[in-house]
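*Asks:* Relevant sequence annotations retrieved from TrEMBL are reproduced here:
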TRANSMEM  A:66-88  transmembrane segment
TRANSMEM  A:95-113  transmembrane segment
TRANSMEM  A:125-149  transmembrane segment
TRANSMEM  A:161-184  transmembrane segment
TRANSMEM  A:230-253  transmembrane segment
TRANSMEM  A:274-301  transmembrane segment
TRANSMEM  A:321-342  transmembrane segment
TRANSMEM  A:349-369  transmembrane segment
TRANSMEM  A:419-440  transmembrane segment
Amino acid sequence: MKKVIVIFCVLSLLIFIRPALGLGTNTNSNNINSSKTTEQVDTIEESNSYSGAFEGLQQFYNYTGFANVTSGHAIMILIGIIFIFLGIKYDYEPLLLIPIGTGVILGNIPFVAGNQTGIYETGSVLNYLYFGVVKGIYPPLIFLGIGAMTDFSSLIANPKLMLLGAAAQIGVFATFLGALYLGFSLPEAGAIGIIGGADGPTAIFLSSKLANGINILADGTTVKNLIGPIAIAAYSYMALVPVIQPPLMRLLISKKDRKIKMKPPRAVTQKEKMIFPIVALILTLFISPSALPLLGMLFFGNLLKESGRTERLADTARTKLIDIVTILLGVTVGASTQADIFITKDSMLIFGLGAISFIIATCGGLMFAKLMNLFLKGDNKINPLIGAAGVSAVPDSARVVHHEGLKSDPSNYLLMHAMAPNVSGVIGSAIAAGIILSFLG
Amino acid sequence: MTDQISEGYVILMTGLLIVFSALVTLMLFFKYGLPLMLYTYKIITKGKEKKISEIKVVADRDFTGEMSAAIGAAVHMYLREQHDHESAILTIKQVKKPYSPWSSKIYGTQNRL
């Protein structure tokens, strides 16, 4: 044992000494060189080598983050840390916030441009990964996974709840109009509006098509690159659903209405579940073909799940595949918030509009549920709270509705009922994205 | 600017209309279309079943309950008496144990490595 330790010590000593020896030889050669050049004036020799070393150090310093840091970088890194903190400490969508937070830090490490480091420099690794965001590749893959996870049976059992998913899309179009009034161009406004759909992948998909910084507008100017702010706004408001929605619910829905118990949904046969994705795929895409990448993948994933023959594929889609894509999407979207591009007046406006669109979407769903109740009789009446689940944010908003229902009546279980408008909200926002894309794309 | 906003209103109205109409068609289909489809499917498949059941069983008048009881008893006894055939070949398998030092004496306290 002692021998081993001795050998290890000797080896490690050798390893540590070697650079010293190497340094020695270097200095020797330097001396030789300098002796050649400084035959005339001996005193300059020393100062030359010192200044050389100093210049090297200074150049190194110029490349470090410390030299290039700006207040923007510092703010964004702080935001990244806050995201990570929120994800870990309060469990606010940690699967999204932790990758995005890390991405925000990654994207805001100050660097000297031109070394293929940054996400916006062609050829850099992050730029290649970002390609999936810019070209809208990741969102459909995520939708595939969501389709393979989602159970549409509550929607099939009670098809009228689909209307709630449509009603919540009022938020999308109202925000679109608001953004127009604030001076955004049409495609930018369309991309901002979709934040109200409360659907991260859809928002990224639409903004990558409309506000990608590449398209050229009718008046000759290029659209702004708003993918980063829109994605961050969409995801952060999705994480904030438990904070935003309950006050609105209490404000709009009376205590008596909150206690309405809905009759349990009927059992849905496997045959119906299999038919649903195929029929919904054909019907929705015939109406809004531009939503094809999103809805096509969503219903394809659902068919994989319900067909009963492709459990392996469905399993991969809803676990490994969606995890991989979420990692890539989170990090690159986070990294796309490079301070010089992200901290602008537009981003602040987008955050404001996003909050408003969320509120309008929630109110739209709630009010429409109340309206539907006017026409429904007896035990067919729906609990208006589930209207709030019409903003997609699957499954968070359904969970919030459930909790809010439990608060007013501890024996009222709304989760299954709320899932119906929730999933139809996903379909609705994808259709809305398709419509906006076909108008403005 | 005003032109943009008026276009915005057009998109707002048509967009909402299309979203609603899409989900309403879906709703109508699943409320009325799907049950109809399943019903017709049921009728079609039932029709096939009827064809199969149309084969008439010609009653054999000589075949009495006693006979069927006797056959049943015979089958039952046959199945009960039946042994499964086991292989009569006996082999002694050599059991190879991998070396395991769990009780090895060389690891005792008396022996130092």
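Positions of Cβ are set from backbone N, Cα and C atoms, glycine also.
Each of these features: where is it, how hidden is it, and who are its neighbours?
*Replies:* Packing against the transmembrane segment (A:125-149) from elsewhere in the chain are residues 106-107, 116-119, 200-202, 204-205, 208-209, 212, 227, 231, 277, 293-305, 313-315, 317-318, 321-322, 325-326, 328-329, 331-333, 335-336, 394, 426, 430: each is 6 or more residues past its ends and has a CB under 8 Å from a CB in it.
Taking Cβ pairs closer than 8 Å, the transmembrane segment (A:161-184) reaches residues 154-155, 190, 192-198, 346, 349, 353-354, 356-362, 364-365, 367-369, 372, 382, 386-387, 389-392, 417, 420-429, 431-432, 436 in its own chain, all 6 or more past its ends.
Sequence-distant contacts of the transmembrane segment (A:321-342) (same chain, six or more residues past either end, CB-CB distance under 8 Å): 70, 72-73, 75-76, 80, 83, 95-96, 98-108, 118-120, 126, 129-130, 132-133, 138-139, 141-142, 144-146, 149, 201, 204, 225, 227-229, 231-232, 235.
Through the fold, the transmembrane segment (A:349-369) approaches residues 163-164, 167-172, 174-175, 178-179, 182, 184, 192-193, 195-198, 226, 229-230, 233-234, 237, 244-245, 248-249, 252-253, 382-391, 421, 425 of its own chain, all at least 6 residues removed from its boundaries and within a Cβ separation under 8 Å.
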*Asks:* Apart from its near flanks, which chain residues at least 6 from the ends of the transmembrane segment (A:274-301) lie with a Cβ under 8 angstroms of it?
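*Replies:* The answer is 136, 139-141, 143-150, 152, 155-156, 201-202, 205, 307-308, 314, 317-318, 426-427, 430-431, 433-435, 437-438, 441.
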*Asks:* Near the transmembrane segment (A:66-88), which same-chain residues lie under 8 Å Cβ to Cβ, leaving out any that are not at least 6 residues past its ends?
*Replies:* 94, 96-98, 100-105, 107-112, 239, 334, 337-340, 342-343
